[in-house]
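What TrEMBL records for this protein:
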{"type": "TRANSMEM", "residues": "59-86", "note": "transmembrane segment"}
{"type": "TRANSMEM", "residues": "120-141", "note": "transmembrane segment"}
{"type": "TRANSMEM", "residues": "153-177", "note": "transmembrane segment"}
{"type": "TRANSMEM", "residues": "183-201", "note": "transmembrane segment"}
{"type": "TRANSMEM", "residues": "213-232", "note": "transmembrane segment"}
{"type": "TRANSMEM", "residues": "259-281", "note": "transmembrane segment"}
{"type": "TRANSMEM", "residues": "302-329", "note": "transmembrane segment"}
{"type": "TRANSMEM", "residues": "370-389", "note": "transmembrane segment"}
Amino acid sequence: MSTEADRPGLAKPTPLDAKLGGADLIGSMTPSPATGVRADAATAVRAVRPALRLGPLSLVFRPGLTLAVLALAIGVVALFCLDIAVGETHVPLSRVIDVLTGGGTRSQRFIIMESRLPRALTATIVGAALGLSGALMQSILHNRLAGPDVLGITTGASVGAVAVLVGAGGATTGLLVSVGTPLAALAGGLLTAVAIYALAWGRAERGASGIRLVLIGIGVNALLMSVISWLLTRASLTDATRAQQWLNGSLNAADAGRLIPAAVALTVVAVVALGSSRTLAALQLGQESTRVLGVSIQSQQALLIGASVVAASVATAAVGPVGFVALAAPQIARMAFRTPGEPLIASALVGAALVTGADVVARGVSPVDLPVGIVTAAFGGPFLLYLLVRMNRKATLA
């Protein structure tokens, strides 16, 4: 008997593959007196969804979920085009599409290709990086409140950037402002992550537990916020204003110099995350079950947390801290797609939609050009309260 799972390019998942890939597990495999073992085996094969295997990567194909992700991707593209259209000079969407496909006048091509396209691309890439970073961190730590902004990663990146902006004084122009600030932000985020992980390390568990990482991260975040305030009080009015604008998460200075590193980092982190999809699924079963499956918890946890930190730090280095996106995007994707864990691709798309949509609101709805971080914070605060109330209700019912 030939089934979809036996066709070339498709692999028939085992029960363990079905569990790790998110598919429904096969029911009882006990032989039925009426049909026999062969009939039960044929029914079991038909019940398992087809899976595509590419080396160590195994993906279970779900038509409904795939269509939903495609619809979300189309929505992100629509917001991307709308972000290009809005501004001081409104450009119709039809003209935006015409210019992006090679048409339009010289002035229209200059406005769209030179001014607005880098900003829209930066918003999309930064949002996707933050969404993916939050999904990785929440999946590893098994905590819906975990995220680079809550744990202090983005605040550590902000300390590095503000130190350059304030310490260099009036010299923050040219190469220093375009290269030094992003590099300092990246270094600050990575050093903060290393410090939090070292403080959260437990000898008994031979690793860092999720709740300990979150609690220590919250404390480190508060400490770093006080460092930023101290740096701002020692800066001149001009430097403090420049630093405060960066701290609000602004896309005004978006250009190719900041876009390309963010795009490269997002690509690398996405490859690492998708290649570790089976490990993430195994980690959802708990540490004991993960050890039984032969997964090295400490090394895989460190690798995936490192990927999450790199994505968040590079995104922060590009535009400044954009709050609540990494926290909200995975939970919105999880509730919308009704998945047991945080879906990586959907979380990245939701993050891209949040930041791009916030930029549309900041430029098209508001009478002034607001930093995108202010818009996301206005949305993220109520969402955090909703998430806390929802978690409290579930805990009460349990």
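The chain as shown is numbered from 1 upward.
Cβ atoms here come from the backbone N, Cα and C positions, even for glycine.
Within its own chain, the transmembrane segment (183-201) is flanked in space by residues 148, 151-161, 163-164, 207-209, 212-213, 216-217, 220, 224, 302, 305-306, 309-310, 312-314, 316-317, which lie at least six positions past its ends and keep a Cβ under 8 Å from the stretch. Recorded stretches compared: 59-86, 120-141, 213-232, 259-281; the one with the most Cβ pairs under 8 Å to the transmembrane segment (302-329) is 120-141.
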